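First the structure, which I've put down as structure tokens, then a few questions once you've had a look.
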Amino acid sequence: MGDGLTPEGKAQLITRNLQEVLGEDKMKEILKERPLRIYWGTATTGKPHVAYFVPMSKIADFLKAGCEVTILFADLHAYLDNMKAPWDLLELRTRYYEQVIQAMLQSIGVPLERLRFIRGTEFQLSKEYTLDVYRLSSVVTQHDAKKAGAEVVKQVEHPLLSGLLYPGLQALDEEYLKVDAQFGGVDQRKIFTFAEKYLPALGYAKRIHLMNPMVPGLTGAKMSSSEEESKIDLLDSPADVKKKLKKAFCEPGNIENNGVLSFVRHVLFPLKSEFVVLRDEKFGGNKTYTDFETLEKDFTEQLVHPGDLKASVEKALNKLLDPIREKFNSPEMKKLSNDAYPGASKQKTVPKGSTKNSGPEEIDPSLLDLRVGKILSVRQHPDADSLYVESVDVGEENPRCVVSGLVQYVPSDQLLGRSVVLLCNLKPQKMRGIESQGMLLCASTEGEQKQVEPLDPPTGSAPGERIYIEGYENGEPEGELKPKKKVFEKLQVDFRISDDLCAQWKGKNFLTKLGSVTCKTLRGGSIS
């Protein structure tokens, strides 16, 4: 592979979709003479998720460019990083990573025989390597070591010495793996510049560094193994993929922190060179895109609906995940997964002051500040065809400005003067330039044609009247929900419309002092 490419063509393939390259001139000089030697390392900690397809797709690019690629399973690093992988599980998690990474590569058509796989402990425990760790520790300052690991090593109030060693070992790996370049996420940049500064101090060459952008998670922040809501696991079922994508942040016209759109850019396009948006015939039918820029432009101009984008990504993603699911469906692989991550599906945060046996923490629905609102005015968002801007009376001195994506589902005349259910303690968020100070709760059902209906408070309810969940009427709402805690997202999973059209959480009705909150027709619908 790469034989038919010029050095310039190889460089273009190596660097496409990267956010930054340090040492590009040196890379181009090497490519004129021989294949570039690159390594990518992954600490064997939490379960790999779909964002790992980003480096996998780049590894495919490296091989197409004729590079010699090494994949390092950094087992010792996993232990040094605040023992994210306990010593007794290190071997099992490393085996899990080996199996799942190889399955990912095979699912995108990467030939494994052209890759070199190695574990960190195969060379990091040698006499020579250990001596270099000591040599490095004699020239590195504590400040530089801590700064280098700030974006990668888990930050705690009282950092362990092991976390300060972590960047130095990653720098030494470049020398001991005999590579020209290290590839990683842009979150590794401080470690890369640390290596460029300190390897020459030991008499070793400064390496090239290739950095891919970090793909936003489903909630808009970085995709993380430790945040269940932010990522899709490689072994998630098709139903789980659908559920998580449905909840994913994908605001109409908004391309910032859009994990769904970023996945198309950094994984699906590099692998297939085209992407098909699946649409109903009445909305123009399927549309094939051969470059990401056109898709991004159409999404920005709201010619591509978030629901259609999610459905299309769901289909493409399941196609990638199916071979991995099949491999891990064997008894041997199921045992490995369970042994490497014992009780992973059952682990919950233990509330302060309780014991491990007190059961999983249940988030109190009274933390939500739900109120009756009355819509005083409705207008079209000036910069978004799918959004309304509403003025809503919630019993305060001034009405609240609320932005909602109901244009396609509810005519404006059906909203004007209507009593609604408003979530009032979300952090205000700008939507296409206008700050929304609440969320209008609606019931919805999926199908050939999505249906959406605003929830209805009991007749006679006054603006500002509190809405609570049956049995939780005495709790106090939070002043403002902290986005990182994802209180609403965790509760919303269990919001449903009952058979008798009542809004419920885990079978308990939404209530005011006048009765139950209802929905007109959408039995079994979800609420968001």
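Counting begins at 1 with the first residue displayed.
Glycine residues also receive a Cβ, built from the backbone N, Cα and C atoms like all the rest.
According to Swiss-Prot, the protein carries these features:
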type	residues	note
BINDING	Y39, Y166, Q170, D173, Q188	L-tyrosine binding site
MOTIF	44-52	motif ''HIGH' region'
MOTIF	222-226	motif ''KMSKS' region'
MOTIF	242-247	motif 'Nuclear localization signal'
REGION	335-364	region 'Disordered'
COMPBIAS	346-358	compositional bias 'Polar residues'
DOMAIN	364-468	domain 'tRNA-binding'
Work out the three-state DSSP category of Y39 (L-tyrosine binding site).
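Going by the DSSP assignment, Y39 (L-tyrosine binding site) falls within a strand, counted as strand.
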Any idea of the Cα spread of the L-tyrosine site, Y39, Y166, Q170, D173, Q188, as a max distance in Å?
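Largest pairwise Cα separation, rounded: 17 Å.
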Counting by DSSP, what is the helix, strand and coil composition of the motif ''HIGH' region' (44-52)?
3 helix, 1 strand, 5 coil
Give, as a single whole number between 0 and 100, the mean pLDDT over the domain 'tRNA-binding' (364-468).
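91, rounded to a whole number.
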Whose Cβ, among the binding-site residues Y39, Y166, has more other Cβ atoms within 10 Å than any of the rest?
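For the binding-site residues Y39, Y166, the Cβ with the most other Cβ atoms within 10 Å is Y166.
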Return the residues near Q170 (L-tyrosine binding site) by Cβ distance under 8 Å, restricted to its own chain and a separation of at least 6 in sequence.
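Long-range Cβ contacts: G41, A74, H77, I191, A195.
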What is the number of residues in the domain 'tRNA-binding' (364-468) that are helix, strand and coil, as DSSP sees it?
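Helix (H, G, I), strand (E, B), coil: 7 helix, 47 strand, 51 coil.
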Let me check the 10 A CB neighbour count of D173 (L-tyrosine binding site). How many other CB atoms are there?
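Around the Cβ of D173 (L-tyrosine binding site), 25 other Cβ atoms lie within 10 Å.
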What residues, ordered by sequence, lie under 8 A Cβ-to-Cβ from Q188 (L-tyrosine binding site) and sit at least six positions away in the same chain?
E151, V152, M211
